[in-house]
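The N-linked glycosylation site annotation in Swiss-Prot covers 96, 147, 337, 368, 604 and is backed by sequence analysis. Annotated domain 'Peptidase M12A' per Swiss-Prot: 126-325, in sequence order, evidence recorded as sequence analysis. Per Swiss-Prot, the feature disulfide bond maps to 168-324, 190-191, 327-353, 380-402, 493-515, 556-568, 596-622, 649-671, 719-732, 734-747, 752-778, 805-827 (among others). The Zn(2+) binding site annotation in Swiss-Prot covers 218, 222, 228, and the record cites sequence analysis as its basis. Annotation source Swiss-Prot lists domain 'EGF-like 2' at 708-748.
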């Protein structure tokens, strides 16, 4: 599991340092190679320079160590190190590649280390002797890189708010601070430096599969100043290290710190710490323990390695490390209250309390004191409550209060308030009581900032109306970029929405009304003002939105045109260089060089990636524009294809469009090693774009193109209904309910019985989209994968209307034929709600009489997992997903099946195939079995990994099968068979 160690800022033990000092890189001076330059957003021209943990001098699990500490220790401990070497001759030199060596590249969250130590030892200091590693005033500025999705950004913010909620640490969007953290996606997976490094930005790498809440909380623990709990000097009294089960080369991750090197701040060993390794971290096998607790707590062996939330020990140590006041807290709810200690019974002397009120950016805080009874003094010198307009003690003072007079309500200018209470005497008065409330919207007069929906990154609240009026400096425009967007979807955004207008009022020109899950494009006002309105109704709530605003500058109007050699294009918040035809940007993104790609008018030919057949170079962007004569179509066939693979083709890819511009109809975006199918243009032109990033290079692609006359483009090829162009010819086709005439051009009515076995598709009335014929009866028998219910969703409906649908109608049955129960009879023009079968079969029957004809209907059929199924003596099948065997299971799935046998019988489950993402505690993807109808029944087991579990027998007449998958790695899934059985006394399960 990605690790965080809780002893704040301890350093390395001598056995560990021996390994470090023997590395061949020990003498390398720190240079610019230790820094990574990241564009953030794809076209950003300014480079972001940060301290890269993936290029650290050495690693301890997921902890990055820099050379400053290693050099210092090398000087101070040389003599002691020689003595330690003599006592422990069995330790191998780090230069031996079979034990220790160069940098690995694992990005898996359960594998925190790249598996190697590099560099020199860390200086030997206690936590309290390194105050520069503690963030001043507990304020940690941050930047989130541009390569993360909206959901990932939300996870990062939730993790930061989790630390803020329980400690006095504050995470703040960076403005002009020199030292700050940068969330990046780096090849080393999950890793971070411990504490503040100073002197500039430092990265926290959230690589592949690291974007889980608990893992991010853990990595932030390193940033705050914690090491792994199991490295404490007293750990041998609490846990045993099972060294024979540790992966070869990973033993150093279990070395123990010396007493002089660790400051545990007086806290006891914490099995529950989020900074503790799990039982099988770096294990040779998933069921082999590497760390085992030595004793029981409350009668059971404690579990270790949780990645769910901060433990009480984590919170206590963080509060001690950052010297949090003994009373007070961080308040994050939209409404709340707080009071002086022991209110209303009087407070004690020498009290110091701090309350940090933090609501969503874009909201303001109204603070009301409802009771005030403090010792009164001149200038409130002795006892007072102080309110500051911001996140810390140096924020602008809004008032210092004492005595008995109630202050006027205070409204913050931003989303944070700092409230501090101090007492110097024992006062018999009540103290004070205050309430606060978050209000959204208002006037925002500044040149840059952030606005988020109420309660972001959690779901926004119902029945909210928020209006923001943004104003930047005169002479500038307002730029708006969306970081995250998820608002209840509706075709016309009638329920929940964000509305943007180009001005300062509701009567200004409408730029757009937005909802759904796609981030809107960047927005630029025509003046220095912009108007935003967010509305939510009383029902469905989503994660909402996060948007940045800023004053927009035209960098291309400067004398040097942004340093561009040929062309400068102003973009929102930035600019980019471009080149004249025949040229392309060089790797520095400013100069131009001879381009790949080109404008091709030949009827046939070939194109290849740059450098073919060798690996293509980094940072290339090639565009081919293919043009054929009118009435021709262009086909593209790939002979070889190999690019850097990614689920969303984000890095290297080939993009094919019908048309010549970047917004033409997209045929596909391709990457990886699978050759795309033949692609045929919609018109007489095609655009092929190849793009590579600055990292992994592959062999690329080779493709040939050819042009063919489209006979269908003129008079529909003489076809009565549909004409389909083929290479060198064409063919006529008929719509649903018709067959092709012997003349191969006309269509005649035919039988209208259909058997549908695909997991998804479209069903239409005969002759759609034209009017259906009279006196027609059509049926569709839909069957899907066992365990998956058929769902029918209507796209369009226009059938002759009648109150009882007695004339023309569509009837839907819950089963294999018209004898099954009726799910609905439909007619008219109102689109019905989706129809869901109880099983994997659905039967449709369409009927038209001899009078009125309409357009008909169009519907899509799909599947939904789960439901109740019946077990009997005949063996039946159940599959994890409808496309089992063809595709891996999808992400973000939660399915529940209840398998019920007749009374007096049990249920037997036998897995035929089982392949689910593997994780120590089966916390990501898993199947879970319960001996009953719901999850309150006894659990039979939770399973993940590969290889089918043993047979499972229920003790009662039902079994609940739950299947969960997250949104990252997917596998083949499972296939199980179930039957009813009399043998209920045997239960096989494996947890």
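Heads up, the Cβ atoms here are built off N, Cα and C, so glycines get one too.
Ranked by Cα separation from residue 752 (disulfide bond), the recorded positions 228, 493, 596, 827 are led by 827. Neighbour density at the Cβ, taken as the number of other Cβ atoms within 10 Å, is lowest among the disulfide-bonded residues 190, 596 for 596.
Comparing local CB density within 10 A for the disulfide-bonded residues 515, 568, 805, the maximum falls on 515. Nearest Cα neighbour of residue 732 (disulfide bond) among the listed binding-site residues (218, 222, 228): 218.
In the shown protein chains, 13 other C-beta atoms lie within 10 A of the C-beta of residue 604 (N-linked glycosylation site). Across the domain 'EGF-like 2' (708-748), DSSP helix (H, G, I), strand (E, B) and coil residues number 7 helix, 17 strand, 17 coil. In this structure the C-alpha atoms belonging to residue 324 (disulfide bond) and residue 218 (Zn(2+) binding site) are separated by 20 Å.
Neighbour counts of Cβ atoms within 10 Å were compared across the glycosylation sites 147, 337, 368; the minimum falls on 337. Reduced to three states, the DSSP call for residue 515 (disulfide bond) is coil. Between the listed disulfide-bonded residues, namely 556, 827, the fewest other CB atoms within 10 angstroms of a CB are found at 556. On a Cα basis, residue 596 (disulfide bond) lies 44 Å away from residue 734 (disulfide bond).
Under a cutoff of 8 A between CB atoms, and with a sequence separation of 6+ in the same chain, the neighbours of residue 402 (disulfide bond) are 374, 375, 376, 377, 380, 382, 383, 384, 385.
You'll find the Cα of residue 337 (N-linked glycosylation site) roughly 32 Å from the Cα of residue 222 (Zn(2+) binding site). If you take every residue in the domain 'Peptidase M12A' (126-325) and average the pLDDT, you get 88. Taking CA atoms as the reference points, residue 191 (disulfide bond) and residue 228 (Zn(2+) binding site) are 13 Å apart. For residue 719 (disulfide bond), the spatially nearest entry among the binding-site residues 218, 222, 228 is 218, judged by CA separation. Note on proximity: of the recorded positions 228, 353, 671, 805, the one nearest residue 515 (disulfide bond) is 671, by Cα distance. Closest by Cα distance to residue 622 (disulfide bond), from the recorded positions 147, 218, 222, 368, 493, is 147.
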